[in-house]
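Could you have a look at this structure, given as structure tokens, before my questions?
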């Protein structure tokens, strides 16, 4: 996805840009690695701002790849240093985006491979199912686990998510740090367009 660049940051429901291309959005808990993953996929460490502070992404960020596909970095859910009112605001914009965006082809739900699904992730999965939103699950920070532990976590998450009518297979894993799994995920994204 070389040539992908930041084009817009949206903080309210009336400002969504219309690129006329398919969109793939990335969601997950705060600090799961959404921005780092976008940087790895686009091979540009400066595309998406990253931070060790949870809740740093407080708007929906759009990255356009040569007019072919848009990658969308959604604010993290869960812990944030933002005020409750600000958090409610950007989560409302995110919900509106997910429910109304016709260009959205796939949501990629990121789960920290060291932690697995937390209750808030399971709640989000239920919400996606209730609203008929197609999604994939990708485990992040795979470089932090041994091959055996990673395989066990993939199986665990697969079992936890089983029965999802809108879950698209397979569950994948990536490491933004080492680059493992990035090419495979980019290929999977290209299949959405």
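Along the chain as shown, residues are numbered 1 onward.
In case you wondered, yes, glycine gets a Cβ from its N, Cα and C as well.
From Swiss-Prot, for reference:
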- 20-193: domain 'EngB-type G' (DOMAIN)
- 28-35, 55-59, 73-76, 140-143, 171-176: GTP binding site (BINDING)
- 35, 57: Mg(2+) binding site (BINDING)
Could you state the CA-to-CA distance between residue 174 (GTP binding site) and residue 35 (Mg(2+) binding site) to the nearest Å?
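Distance (Cα to Cα, whole Å): 13 Å.
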Among all protein chains shown, how many Cβ atoms are found within 10 Å of the Cβ of residue 32 (GTP binding site), not counting that one?
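A 10 Å sphere around the Cβ of residue 32 (GTP binding site) contains 26 other Cβ atoms.
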Which one of these binding-site residues has the most other Cβ atoms within 10 Å of its own Cβ: 28, 35, 59?
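The largest 10 Å Cβ neighbour count belongs to 28.
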To which of the binding-site residues 76, 143, 174 does the lowest count of other Cβ atoms within 10 Å belong?
143
What mean pLDDT score does the domain 'EngB-type G' (20-193) have in the model?
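Mean pLDDT, the domain 'EngB-type G' (20-193): 87.
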Between the Cα atoms of residue 28 (GTP binding site) and residue 35 (Mg(2+) binding site), what distance do you get, rounded to the nearest Å?
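About 11 Å separate the Cα atoms of these two residues.
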